[in-house]
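J.: Relevant sequence annotations retrieved from TrEMBL are reproduced here:
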{"type": "ACT_SITE", "residues": "HIS512", "note": "active site"}
{"type": "ACT_SITE", "residues": "ASP559", "note": "active site"}
{"type": "ACT_SITE", "residues": "GLU568", "note": "active site"}
{"type": "DOMAIN", "residues": "110-581", "note": "domain 'Glycoside hydrolase family 9'"}
{"type": "REGION", "residues": "1-23", "note": "region 'Disordered'"}
{"type": "TRANSMEM", "residues": "75-97", "note": "transmembrane segment"}
Amino acid sequence: MHNHWGGSLEISTTDSATEDEKSRNMEWDRASVSYQHYQHLDETQQSWLLGPPERKKKKYVDLGCVVCSTKALKWTVYGILIAFFVIGLPVMIVKLVPKHKHHPSPPDNYTLALHKALLFFNAQKSGKLPKNNGVPWRGNSGLSDGSKLTDVKGGLVGGYYDAGDNIKFHFPMSFAMTMLSWSAIEYEQKYRAIGEYDHIRDLIKWGTDYLLLTFNSTATRIDKIYSQVGGARLNSTTPDDHYCWEKPEDMDYTRDVQMANGAPDLGSEMAAALAAASIVFRDDNLYSRKLVQGATTAFNFARRFGGRVPYSRGNPVIEPFYNSTGFWDDYMWGAAWMYYATGNPSYISFATDPRLSKHAKAALMIPDLSVFSWDNKLPGAMLLLTRMRMFLNPGYPYEEMLGSYHNLTGLTMCSYLQTFHVFNWTKGGMIQLNHGRGQPLQYVANAAFLASVFADYMNATNVPGWYCGSSFMSQDVIREFAASQMDYILGKNPLNMSYVVGYGKKFPKHVHHRGASTPHNVKTSCTGGWKWRDSRNPNPNTITGAMVGGPDKFDKFQDVRKSYSYTEPTLAGNAGLVAALVSLTSTAGNGVDRNTIFSAVPPLYPATPPPPPPWRP
């Protein structure tokens, strides 16, 4: 057989070991193989002869502690450069380019007005003023108020003057403190955000410290409350707080103190003020308990059998100015605040007693009784109790009356809407809650506050709106009402005039106010101050933040000092202004504090309803 590979097929007898040794020791010089012989071989033969093709050797780089291939090092460097240009370079540019600081949104008009509105209360302070009072034309005054009283150590020094006169009316003063406290409870986060929380607390405490002096607040039972300091009689020519035109620092006439042995209205309002303030000062345990003790004493006095006569009845220096027309609404108002401050179920049982609602004429929906004011607490009390139903839903045995108050609150809000024609409106867009009489803005501000708070209650409980009869109203409708009325007060009216002094470009310059109209470096006598009262010049002192009485039913306004129904501010009216402004401002966010008002309320476990009466055929 022919061997194609150039040899015999016979097995060689040569020593295989020797052949193997030769094979191992033989060195092939591939370069010596003739080209002619090599090119006659096919690919397989070439591979057998030459072996596998020689691979390129990898190159390595010694980095000291690490040895890596040149290729890996190259791609690593490329990766770092790419990352630098994609990530690092933009970061460096952002860091090196001058930064433009992000400024917060400018405060809205309500916040700007609120800062000023709070200053009005600084201007109304009586007593020894703190150094940081912030009203340079005011000084210490009324330091001898109540000095002749034998049962009040140090007299009745402090508190607030009511309006443009120098009288301290305790009934509207108490209402003003309750309103400030209510606003501070609902909107604490807003006050904090705009830097006014400490300020509002100081104003409240200035009032509550004084109210605690007006009766024996450490006793369990009392038989009198001091209801007023200073006073005036109509058409009197005897020196008093109306006949004389003197700034508080110059008062040199007799200032009598009024006392009430029966005061269901005043006692309830004082209890409400002290109870609401105790929630504001819940972080000061000692002072909060002192306020609760005083509130309890005042409310017990208000409920005292045999003393249920309005505090103002028959008093010639109170009745013409702050006459209380009833006290059942004050009972409901005071009881609601007492419950929130103490958690005592006796107060909520009283507030939801059907007999109380009947006496207060709540269900009759008389238009005038839906107007919230220092004299009529009914709509405020029902809203306050509606809050309990909306947020806590206590059920039996309170549900029936709370549900009634909730429905009545909704109807009150309906009455504020122009589309239902319950109240007249001026052509310029102001609701006439006091039927076109003087000083309308205090009622407008209070209504705006109630509407705004009610809208916030609905928003906080995910309720989209409420019904006015068969018409569904979204919560935005009532909030827009509140905003429209406050916008009117701040200058969106036919005269383009702000009725808050110091706010806007155009505001009243002849405010009916003794302190603001008399130069602070000039001492005047009782009748010597008349020249400043009758002067046609603007006030020498700007009483910043004062909301004046307001325009008439034709949107007209007389900026005349003697026209007090237009130009006189009041403590109660300005408290409503502050409350409405803070409720509407969106600079510091929106919404109410859901839980703080219920801090003292224990967990509610609905009682088991009584079984139905037995069935009879």
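Glycine is treated like the rest: Cβ placed from N, Cα and C.
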J.: Across the domain 'Glycoside hydrolase family 9' (110-581), what is the average pLDDT of the model, as a whole number?
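T.: Mean per-residue confidence for the domain 'Glycoside hydrolase family 9' (110-581): 97 out of 100.
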J.: How far is it from HIS512 (active site) to GLU568 (active site), counting Cα to Cα, in Å?
T.: 5
J.: Of ASP559, GLU568, which of the active-site residues has the most Cβ neighbours inside 10 Å?
T.: GLU568
J.: Between GLU568 (active site) and ASP559 (active site), find the distance joining the two CA atoms and give it rounded to the nearest Å.
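T.: So the Cα of ASP559 (active site) lies 10 Å away from that of GLU568 (active site).
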J.: So if I draw a 10 Å sphere around the Cβ of HIS512 (active site), how many other Cβ atoms end up inside it?
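T.: 25, counting other Cβ atoms within 10 Å of HIS512 (active site).
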